[in-house]
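Working notes, beginning with the structure itself.
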Protein chains: 2
Amino acid sequence: MGSNMIYMPIVLALLGLVYMLIKKSWVMKQDAGDGKMKEISDHIYEGALAFLNAEYKLLAIFVVIVSILLFIVSLIVDTTHWLIVIAFIFGAIFSAFAGNIGMKIATKTNVRTTQAARTSLPNALKISFGGGTVMGLGVAGLAVLGLTAFFIIFYNVFMGGEWTSTDKMTVVLETLAGFSLGAESIALFARVGGGIYTKAADVGADLVGKVEAGIPEDDPRNPATIADNVGDNVGDVAGMGADLFGSYVATVLAAMVLGNYVIKDMGGAITDVFGGIGPILLPMSIAGVGIIISVIGTMLVKIKSNDAKEAQVMGALNIGNWTSIILVAASCFVLCKWMLPETMKMEFFGEGLIEISSMRVFYATLVGLAVGALISSVTEYYTGLGKSPILKIVQQSSTGAGTNIIAGLATGMISTFPSVLLFAGAIWASYAFAGFYGVALAASAMMATTAMQLAIDAFGPISDNAGGIAEMSEQEPIVRERTDILDSVGNTTAATGKGFAIASAALTSLALFAAYVTFTGIDGINIFKAPVLAMLFVGGMVPVVFSALAMNAVGKAAMEMVQEVRRQFKEIPGIMEGTGKPEYDKCVAISTKASLKEMMLPGLLTIGFPLVIAFVPMIFGMDTKAIAEMLGGYMAGVTVSGVLWAIFQNNAGGAWDNAKKSFEAGVEINGEMTYKGSDAHKAAVTGDTVGDPFKDTSGPSMNILIKLTCLIGLVIAPILGGNHSETIVAANNTSKVIEYTDDSSKNKVEVSMNVENDLAIATVTTQTLENGKIKRKTQELRGSESEVKAEIEAIKILIK
Amino acid sequence: MGSNMIYMPIVLALLGLVYMLIKKSWVMKQDAGDGKMKEISDHIYEGALAFLNAEYKLLAIFVVIVSILLFIVSLIVDTTHWLIVIAFIFGAIFSAFAGNIGMKIATKTNVRTTQAARTSLPNALKISFGGGTVMGLGVAGLAVLGLTAFFIIFYNVFMGGEWTSTDKMTVVLETLAGFSLGAESIALFARVGGGIYTKAADVGADLVGKVEAGIPEDDPRNPATIADNVGDNVGDVAGMGADLFGSYVATVLAAMVLGNYVIKDMGGAITDVFGGIGPILLPMSIAGVGIIISVIGTMLVKIKSNDAKEAQVMGALNIGNWTSIILVAASCFVLCKWMLPETMKMEFFGEGLIEISSMRVFYATLVGLAVGALISSVTEYYTGLGKSPILKIVQQSSTGAGTNIIAGLATGMISTFPSVLLFAGAIWASYAFAGFYGVALAASAMMATTAMQLAIDAFGPISDNAGGIAEMSEQEPIVRERTDILDSVGNTTAATGKGFAIASAALTSLALFAAYVTFTGIDGINIFKAPVLAMLFVGGMVPVVFSALAMNAVGKAAMEMVQEVRRQFKEIPGIMEGTGKPEYDKCVAISTKASLKEMMLPGLLTIGFPLVIAFVPMIFGMDTKAIAEMLGGYMAGVTVSGVLWAIFQNNAGGAWDNAKKSFEAGVEINGEMTYKGSDAHKAAVTGDTVGDPFKDTSGPSMNILIKLTCLIGLVIAPILGGNHSETIVAANNTSKVIEYTDDSSKNKVEVSMNVENDLAIATVTTQTLENGKIKRKTQELRGSESEVKAEIEAIKILIK
């Protein structure tokens, strides 16, 4: 079956999608409730569609522009093929389609959850989590399907479906990067635009509704309330989905790129039952198997008692989650053992070729799984109800909003300590086990349970919506109580989900960064060169400015919303008495328009900066390798700073949110029980206002920023590394012939080397310019492989 | 006079100190006012002394511990001499002494300013600025005096007062680094401890006094009011002074280290009238001349009219400031032209030796001066009254504290954009002009006007104190109005001063970073190596956690203060009626103790992290060069992230402060004039509460963190770079003999090269281990210098 393994991920993805369709039709068959409930649900559904349609229009323009640019690039650069444009378009379409499935099912599941909650909590969980499952499998299934399908197509187009050389495979993967770029572009719109949408609606609705008019949250008299509920879906469902879709694809792609270089390091070819591309197929296979494991995991999520509390619901989710993580670990063991050569050679920068056993790759995947699990625990500690950081913020609320804010900021900042140590440890360990291929596979293993993670994540906003519908349709209090249990668990999973998302984005970016450096063929990124150091600074600054722009965008959009709600309260007769009907659609339109408009500037910043760094110095005739190194410095700066700001903002926001929520059950401050409505609670509400854009807009946007930055780098890598080419003409496990040309200087070295058993024979031709004349010299070198390689290096230096 | 130039900076420093003494006695001769005023002033003076004494005790312990550690290091490491301990102790003493002078004069000048303000604004400015001048000249004079004196001593001890080789000079400068380390350690205590002190007292006094008891600021009935006024001196005078003292010394030192390598790159020796050490003397000379220029600058600061407003006072300061900047530029031209060889050779990483004219070094100094001036303008734009960012925050205050906070945070974040582009541009430009020597000289030129900057900076808190004394001693309103004019200008100069301080810290750190890499002899810092990248992440995290710890420290200390004030209000009879006397000293003691206790953890973090990174892997037998590279990655991470967080926090804090102040004169919000006491104003006060620790504690602490991190790196550099040695045996401008040993691999290469006119002759001895036997081979190479060098490189690779 070995050589058919290339089709295995597709089959698994299709199986996942079939299960998704079954689950979907099951959810849709559930009772959607009575008139009022259905009416509200329909409003939310239509609002969500309105956003999607507006987004698609903008996206279409964007996709056309980028496609044209990519096509021009493919005309200019030899190693970039025009098929990258097709891959890009399909990447965008697949990601958008996955988002569409998610949004639709989420907005259909919410009302069914409300209806189920009228009689049974276990059923309500089953339905809301079922909706989440559809979402999760849609994203993961389409991601694996698309990526694998395009890989097979390009593998056949460029290599005739058979291994020839690393260089040819590089063209395949470089073209495939277009798919990833397309997916991540959608994520930019969905995550950043969605983040602005959801908070603009939320803040706008609260400011006029709760504060000015004194009506409760989710009150149907508030014209912005539908926009608020749509926002939950736009931001938390579609945004998160697109984010993870992008991470998923990018991680697998980066691992494939690095797998290709593993084959190169092993002499340009390996013999295995997978057509000699086992290390390239492995990440796709892990992703495929992960889909099936996620299906199993989701099946385990259920509760029995109608009187269950948060702990039981959380326990059910944990069982599903941990089972899938353990199953992924087990299958990583099998897949690594089966698909990789027992020992591989990998080039470690500055240390030369090192022998790596396939088990060490497996250990690297364990590192990834551990990070995914641990980062969630860290996040839960800093943002969880009843934990010491939250209790401290609650205490500090008693002296006013100022001290509450300081405590929240400090909590977010301190939370970077364990998180970053964890990342640093993961980078170090997975690299020590199996080089950057190990880092990429750590990320792949972590991402294997994406479908499960998304199911856990998406059920939160569905339950939140269900609660909103219960409120708006004036159900019995017990209904809201039941949805509140789900919602409360959803808040925790939302926070830990954000931890997972940033961890995945961080590891993905590192893998992309490694792929970039290898692609360009530079000697690493040396920050002791001042221009590289300068770009490290600039890169570090971009996430900070991006966050500020995103926060300001929320402020601006919310203000527009406030004006509109005020206008409706004034102009629509009987609106406060419930006899006049609010114009929900106008508020939806404002949020939609404002969010898409306001995401332009941060989007431009994200895409523009790397392009400026790459092309402006090129116009001034700077050496492309020097530029490649500068761009690498920029990428590192964005990644390091972006990860920090993501953790800081997500956790500060989560902490403020739960500090505020603590007052609902009552908290003890200086020996006195304090509740909602107290001054301390008001201070906590202020903190939550600050935290909202932190945790739902600017914080999560960092993921997209760092991934997209590194992806853009990877896509333009061939332009920057264009003057470096190395071709392995023919090879098998014991003998290889390499030819390469290095024309980065005016002088030239051409080498062809043949290694048979332990003897290496190299023919070296040097071409030098002396006194205006070209001089060519050919010599033969014999000896051990390392001796001959060292001599070649020496010759290269001599003639430079 | 050339060869006596080594004494020139000392003479200039002494001249500056003499002028300082004259100015001091003039200030002291001024009328110190009547009974009540004098009494309050004495309280502040005693409080300040109490803090200093407590600080000195703690410092003494710290200095003893570090001295012992340094002494142990000097016993173990060949290239570290025990004299570094003496240098360290004197660095600490000089810095502490400078702080002492500053605190004493500031706390004596305040009351004299109040007294002068009773009759004349010009006199009040003259006296307060006179106090600032004493402070500035004390710091700059002692810094240059100490550094130059120790340089001369070590130059005589290690080299007999004559140039021998780069290696010997390295020992001189490495020992001199102890002086810088001592100075920066004091800065840690003064800046971080002082920052905690001033805000704990301020917040504590406000929370109980203004908010709970409803008495105005600076009311003598508030027991914490003296501590509050002491805090202004401790934080803004002594803290800022120690910070700039440290930057000043570190910058000059780093420039000297890099000057030493310029001589090495030129063949190991140059012939000039300065005993062959012109490039090393240049930074000291610029510093010395800068003192005299600052004296001239301070003389120009005066106003004539008693009815002058802020604009006139600001104008007077600007005249002095700009004059000194222009004079520094002119003297840099003369000094570069005179002291440097007309053309120099400098090694540019990856580009080899490049010829640099002395004029290019001058251009680099211009870059530094421009950055110093521009960063102040950027800071003023984002934090200045009436500027658009402040007006936006004011508008956002109308919808509550939440939106005010978001707007302030966003302003601070966005302000990193121009600031970082400016730094990045400066790094790039000054490096392009003259390599890292250029970067260090850019910093030196910027720092040349330190005395002037400090004078401008210190006059603010003096005026603030003067206003407080006027309030507490119940003077006529006109007195407070006059001191308020000075105070208001002082607030602006405080913000721009912080910009200058972070710019100087950033450039200093970069220069130290460059000196570190050169010292250790590593091939740069390659972040494509995973352990280095991991350390870049860890380094990026440390400033964030440090800031959080500093903020939390303020919160804790302020709470203690609140308890104490509450206790006094309750237990001292007649305190509110003004008949009972508050126990000021107890509040002073709380602030003192809490601030010194709370700075331990962040201090430990700063010092501990680089030591752990350096020594823990060493215990596990890791290669020292790999460790050196990791530590370099850490240093870069701390610097990039530290600069970002400093700018963010300083500017956000400054912006909130002035947004709040805007309400005093009234602001237009949505067409309505809004004043103090409105809801919008209350929201702005909340913002200011958050901003206080940002701008006065955690923000400015970043300077110390990044400088101290890079200094510690520099001090332990010889331990990490121990296996690399290169000796230039004899050299003059046309001929040189180099010998070096590289035993980083088991094989060895020894080279001695002689360059005469255009012919280079090298004797290369290789020692290789083959089949267990040592093989030595000696060969002679002839050709142009670059040819021979390339061949040597080739040989080095071949035998590795």
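Even glycines carry a Cβ here, placed using N, Cα and C.
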Point to revise | transmembrane segment per TrEMBL - which of B:426-446, B:531-551 | key: B:531-551
Check your understanding: Around B:Ala494 (site 'Determinant of potassium dependence'), how many other CB atoms lie within 10 A of its CB?
Key -> 24
**Study point:** Non-local residues, at least 6 beyond the ends, that sit with Cβ under 8 Å of the transmembrane segment (B:245-263)
**Key:** 91, 94-95, 98-99, 139-140, 142-144, 146-147, 151, 163, 166, 169-170, 173, 176-177, 179-180, 183-184, 186-187, 269-270, 276-277, 279-284, 287, 344, 346-347, 435-437, 440-441, 443-444, 447, 450, 501, 504-505, 507-508, 511-512, 514-515, 518-519, 703-704, 707, 710-711, 714
Review point. For the transmembrane segment (B:127-155), which partner among B:6-22, B:319-340, B:599-620 gives the most CB pairs under 8 Å?
Key: B:6-22
Point to revise | Winner by Cβ pairs under 8 Å against the transmembrane segment (B:83-106), considering only B:58-77, B:275-299, B:319-340, B:531-551 | key: B:58-77
Review point. Which three-state DSSP class does B:Ala494 (site 'Determinant of potassium dependence') fall into?
Key: helix
Review point. Out of B:319-340, B:361-385, B:531-551, B:599-620, B:627-648, which stretch touches the transmembrane segment (B:500-519) the most, going by CB pairs under 8 Å?
Key: B:627-648
Point to revise | Outside the transmembrane segment (B:6-22), six or more residues from its ends: residues with CB under 8 Å to it | key: 101, 133-134, 137-138, 140-145, 148-149, 151-152, 155, 274-275, 277, 281, 284-285, 287-289, 291-292, 294-295, 451
Revision key, fill the gap. Listed stretches B:275-299, B:319-340, B:361-385, B:599-620, B:627-648 vs the transmembrane segment (B:531-551), most Cβ pairs under 8 Å: range B:627-648
Study note, to complete from the structure: Other same-chain positions with a Cβ less than 8 Å from the transmembrane segment (B:361-385) and lying at least 6 residues past its termini are 282, 286, 325, 328-329, 332-333, 336-337, 340, 344, 411-412, 414-415, 418-419, 422-423, 426, 429-430, 433-434, 437-439, 441-446, 449, 492, 495-496, 498-500, 502-504, 507, 650-651, 654-655, 657-658, 661-662
Exercise for review: Residue list, the transmembrane segment (B:599-620) vs rest of chain: Cβ under 8 Å, 6 or more residues beyond ends.
Suggested key: 188-189, 192-193, 196, 535, 538, 542, 545-546, 549-550, 553, 626-627, 630-631, 634-635, 701, 704-705, 708-709, 712-713, 716, 719-720
**Study point:** Same-chain residues near the transmembrane segment (B:627-648), Cβ under 8 Å, at least 6 residues beyond its ends
**Key:** 412-413, 415-416, 419-420, 423, 502, 505-506, 509-510, 513, 516-517, 520, 522, 525-527, 529, 531-544, 547, 609-610, 613-614, 617-618, 698-700, 702-703, 705-706, 709-710, 713, 716-717, 720-721
